[in-house]
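Swiss-Prot has this to say about the protein:
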type     : residues      : note
SIGNAL   : 1-21          : signal peptide
BINDING  : G14, A17, E47 : FAD binding site
CARBOHYD : N159          : N-linked glycosylation site
CARBOHYD : N192          : N-linked glycosylation site
CARBOHYD : N204          : N-linked glycosylation site
CARBOHYD : N243          : N-linked glycosylation site
BINDING  : S330, G331    : chloride binding site
CARBOHYD : N480          : N-linked glycosylation site
CARBOHYD : N491          : N-linked glycosylation site
CARBOHYD : N523          : N-linked glycosylation site
Amino acid sequence: MSVPAQTSVLIVGGGPAGSYAATVLAREGVDVVLLEAEKFPRYHIGESMLASIRFFLRFVELEEEFDRHGFEKKYGATFKITEKNPAYTDFAASLGEGGYSWNVVRSESDEIIFRYAGKCGAKTFDGTKVESLTFEPYPHEGFDESVHLANPGRPVSANWSRKDGSSGVIKFDYIIDGSGRNGLISTKYLKNRSFNQGLKNIANWTYWKGAKRFNVGEKNENSPLFEALKDGSGWVWAIPLHNDTISVGVVARQDAFFEKKKESGLSGEAFYKEYLKLAPQIKNELLRDATIVSDIKQATDWSYSASAYAGPNFRLIGDAGCFVDPYFSSGCHLAMTSALSASVSIQAVRRGQCDELTGAKWHTTKVAEGYTRFLLLVMTVQRQLRMKDKNIISTDEEEGFDMAFKKIQPVIQGVADTRTEDEQTQRRAAEAVDFSLESFEITPEKQAAVISKIERSQAEPELLEKLTPEEVHILGNIVNRTFEREKDELNLTHFTGDMIDGYSAKLEHGNIGLYKREKALLNGTASRAAAVLKSIHQVA
């Protein structure tokens, strides 16, 4: 089958974001073409999945296939941040007793979703790269950065090529950019990507065989382990996989990485092993009798965002729009959240439920808020990593970080985007984001000052090191209260509970889209909470 000359929705990129969007839309009867530059199976890092992945897969009836494939079951994750007891996020809190997600081999899991999109009716082509787009003028005053939108014109066609020398043009009504970090629209046409200066890291990783199982006989047996480096420069992941290997990677601040490399005079595998010594539990316990079975891989791990994730007839999803440090394994969660958002916002316009401006604004807001939730958490935990012995997210009395992680658990398991629309729970969440800290006798002025420092620290990371004890106290409570949620139903109905500009998502098979809501589920703090998230995101 050759790439058609025209389609209703063109999706660029066959990763989890693009393939999931193609699946959702194809199941709605939409004419979809999905183009992936590489040939499957292709390698990708990012093996640890959040609990929320089950909800997304369940929505498109793909959950059972993931189970049948035999991926390593993930019942939670363990975080060793300081010498205090490690914290464990138990997926039973969101998936029920015995509930699990997976650690996946991405070359396999990504291909499963890509092929499934084809089974659902999407026309899928791998080894087919989109080289450029053609735009037509789209005169509309509403599409501007003041509402986090962009207007380079309306994209109407794409030029593609294959390694066999063939090429062509495909016209479309809509385009969804899931091209990953290459970010076709964001980097080539909008030029609106900005990097978080406080989260410029480098990752080195490889795969081992013969590793010891973590914490045998305990509740968190064989869970992924994330251990802070002893020098405070970063962290190490250890993720067991179903092919009898374990993925082990070092994530370190770029400046610390190159300084240590220069001082040691080492490179490649020797330098990687030297850095691992700063994570003694992983190095001395899990890897004691293990051997490396792959080459050492390296990649920049810079967190970034964009000033807009949508415009006239286009949507950005997954890493094509934004990327946040992978400490909480948020990549595939954010990919599928944004893919679903793009799908419902496009269908809403196609079905006459709203105009294009409203649909685009709904999507860009949804993406920005999801990204910012993880950004705020990562920045705070990063400070705890750097300030090893100071209590940032725990108290002097606590022996570990279980209380802090219990409060942020709905976010780091992805449940904040997949829970039920219980009014009381949502109101409490909104009030928390509004930083209602009266019980700590913290004035609005002090709150604003700390938020300002957090914002500026993204351009001046050293500001995180200069917070006063009082500011540290305020920041810790902001984070804890921001993400204090309750356990609730196990489905995607929270996605429908969010109201943006008066519209909420409808996730009904055969009729997905947006609908006008007469009554908000949240009280007046919701808009202020959203404003805070947006304000932090703007400078990310």
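Note: Cβ is positioned from N, Cα and C throughout, glycine not excepted.
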Those recorded positions listed as N159, N192, N204, N243, S330, and which of them has the most Cβ atoms within 10 Å of its own Cβ: S330
Under 8 Å by Cβ from G14 (FAD binding site), counting only residues of that chain that are 6 or more apart: A22, L34, L35, E36, E38, F40, D110, F114, A117, T124, D126, G178
Maximal Cα-Cα distance (Å) across residues annotated as binding FAD, namely G14, A17, E47: 17
In the chain carrying E47 (FAD binding site), residues 6 or more apart in sequence that have Cβ under 8 angstroms from it: N103, V104, V105, R106, I239, L241, S247
Listed in sequence order, residues with CB under 8 A of G331 (chloride binding site) and six or more positions away: P16, G46, G318, D319, F323
Three-state secondary structure, which DSSP defines for N204 (N-linked glycosylation site): strand
Top Cα neighbour of N243 (N-linked glycosylation site) in the set of recorded positions A17, N159, N192, N204, S330: N204
CB within-chain contacts under 8 A for A17 (FAD binding site), separation at least 6: G178, I317, G318, D319, A320, A335, M336, S338, A339
